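Novice: Questions regarding the structure given below will be posed in turn.
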């Protein structure tokens, strides 16, 4: 492992001293290591990134999401040093950075391949690449009103309901927006997709888990509605068609996981006790 990328979120508290320390830790493990620094993911999706052996993300979970989308087609593994608030995906704290880098070069880690989603818009040129690691969300526009949605799974009608929106999430995204919408926490290596309605106007409409190979069609039934598509809570697009198709992408996010990190411990400390942290916000 000689080619290392570092993707820095410039909105976070990352001093030059921190970056110098990381360079030092890397070169202590491999004096010949070549380090390429990216700022706010700019240039990360270029073909040259294919040569990287791993990318370290300095930021929060949102920075991980952006990095995953940029690198998906290159199969480059990533891991995060948390400089955000929650740090569920960016699970390495700054004080553990040196240990993580040492384990990286010793090969003391595993790689988890996480499902990603793709979205096709009916009748729209596919030049836009709608990839998501967490979720793809279809909601109403600016007006505060509910919208009527019809859901088809593998071209078979599933249900129709009115709601604020619809979330289609991966197992990775099950601890994000869909959790707030009443969806279950899904173990990350399961091959499933989740549909979670947002504030449905019915007591009988609940989240559902589907086979990971399912094709999900969401139709907006009122012609005067201009739905909005949101990718991982970061990319935003007004949709001029009334139907979107969401399915599993051929690309996966490759997350580096170190052996001293336990999923359930992270779940307990980062999610279960989140309410205590929020009291002071």
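Cβ atoms here come from the backbone N, Cα and C positions, even for glycine.
Just so it is clear, the model here is predicted, and its values are computed rather than measured.
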Novice: Per Swiss-Prot, which of 154, 155, 164, 191 sits in the NAD(+) site along with 61, 62, 134, 135, 145, 175, 176, 177, 178, 179, 180, 234?
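Specialist: Of the residues offered, the record points to 164.
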Novice: With DSSP assignments reduced to helix, strand and coil, which class does residue 177 (NAD(+) binding site) get?
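Specialist: For residue 177 (NAD(+) binding site) - judged by DSSP and reduced to three states - the answer is helix.
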Novice: For residue 234 (NAD(+) binding site), what is the secondary structure state per DSSP, taken as helix, strand or coil?
Specialist: coil
Novice: Please give the greatest C-alpha separation between any two of the NAD(+)-binding residues 61, 62, 134, 135, 145, 164, 175, 176, 177, 178, 179, 180, 234, in angstrom, as a whole number.
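Specialist: Roughly 30 Å, rounded to the nearest whole number.
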Novice: Counting Cβ atoms within 10 Å across all protein chains shown, which of the binding-site residues 175, 234 comes out on top?
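Specialist: Most Cβ neighbours within 10 Å: 175.
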